[in-house]
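Below you will find the structure I want to go over with you.
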Amino acid sequence: MVLMQLLVGGLSNDPSRSHFTGGFIDQVALATWYNFSANIIQYNIDQLVGTSADELNYVTHWHILEVGRGMFVILAKRYKYRVRENEVLVIMATSFAKQLADKWQPFLHITPSAVLVLVWNCLMYFYYTLLSRSTAGFVIEVAPATWYNFTVNIIQYNIDQLVGASADELNYVIHWHILSEPLVLFLFNLLQCLFYSSKYYIMITFIASGVSVSLVLVSHSFFKHKLENISLIKNPIKLIVRVLCYARKHKYPENRSALTYWEEEAPSRLDLGKDKYGGPFTEEEVEDVKTVFRMLPLFIGFGAIYLSDDAYWSAVHSFTLPTCLAVTGSIYSLCSVILMLVYLFFIRVCFYKYIPSMLTRMSVGIFLAFIATVSKVILFVIERSHTDINNISQLLFISQTVQAFSYILMYPVSLEFTVAQSPVHMRGVMVGLWYVTSGISYIVNITFKFPFNCESQYICTSFCYYITKMVLILIILIVFVILAKHYKYRVRENEVNIVQIFDDHYQRYMEQEEQYNKDENDDIHYSVQY
């Protein structure tokens, strides 16, 4: 009977029959099945008259086991597996993550020494910001040379740690170096707006600045022996002066190589200093000087980002948090940080082939700086009748967001352009000139407020002030676009100089022939004597 129950139960629970009939057995003949199931257990027990309790228990358990088995088979057969779809999604996600990891490899494998110098730069800028703001700019007025001397040299020192590195890795380091400035400014302005009224604000500021300097000094003493220290091979200023003096004194080539006469273009005054035209300098040295003079006019556009900046440092107790963040330029700093991270981790990785040239990006950055200034003019016209700064704080977010786009397209790219195009031994001088241009633009931006009698310390109240800045940035944009269009990139390629090879070969041939004739004459003279 147990066997009968197993067979009947198995057939009754057969999911193929239920599935074949569209579930008809489970839905229409449900009463028949449960009537049979209720009587079969009793009928089975009746067959065990006089048996022991253990045998009765075994039959009951076998009956329950068969019912459970049938239900499990039904559920198992009707279950729709989605494992394969999940596996496909996992494989796709893993493949995408692997591709990103491969593309991030130059960024993730920056040398530890370069990372250490980046941390030093961030800590020192944090120290400078805290101390200068808490002392009302005393550090800037008393000891500007110390800070700017550190700033100019830290980026060059970091580049020295990347000897033999790829251009992508060098660009990543430059962007991270620039990223430290808006990041530190945002954190400081946020703390200033949140805890300006705290009595411990000044004390915390001095303690944090002291800790920053201490960390730099201690870490430098421990790791300085592991850092690259490349000495300056040539004096760039001396080389530029010598090439210019030679060009001033010589109007025509001296001892010109015969193989240079087939050149289509006549040599310039600076080219006369090359050794193939009889000058005392190598071709590489003269080309380095020419590259410097080609780059200098472009520096006029590097300061446009400062001319469009009107951020102030002050915070007042009556300010609301959004107003404080607006007048201190915190939204501008925050947007700059976010946009630069998006560029490093997404745009540069996924759209590397579509990134335009450096000069094109800088031109777009100056144009956005012009748009940011125009938005401030519109803001001034709309809100000129309002005297409360809190009324226009929300509108300042728009201009600061546009200015953040201008910042990431102009500031790091201009430094990247300066480092990439500058000759190796002149890189420090060119980076210093880059900072000089930024400093001059910053001074011009500050002094602009005095002729126009800006009454408010948070936003200028003169309409002519914004019009003048807008016209000035527009002029800079036009001049920069014209200069960028005619700029000739310095491409360092190891091309075979056919002229130089023939010249050297011919010179060696003449020297060998002279030496041979001299030896021949000596032999004849010796034979005549004996």
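Here the Cβ of each residue, glycine as well, is placed from N, Cα and C on the backbone.
The transmembrane segment annotation in TrEMBL covers 107-128, 200-223, 319-346, 358-382, 394-412, 424-443, 463-484.
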Assess whether the transmembrane segment (463-484) lies in contact with the transmembrane segment (200-223), where contact requires at least three Cβ pairs under 8 Å among residues 6 or more apart in sequence.
no
How about the transmembrane segment (358-382) and the transmembrane segment (394-412): at least 3 CB pairs under 8 Å, pairs 6 or more apart in sequence, or not?
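They do touch: at least three Cβ pairs between the two stretches lie under 8 Å.
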Do the transmembrane segment (394-412) and the transmembrane segment (424-443) come close, with at least three CB pairs under 8 A (pairs 6 or more apart in sequence)?
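Output no: the transmembrane segment (394-412) is apart from the transmembrane segment (424-443).
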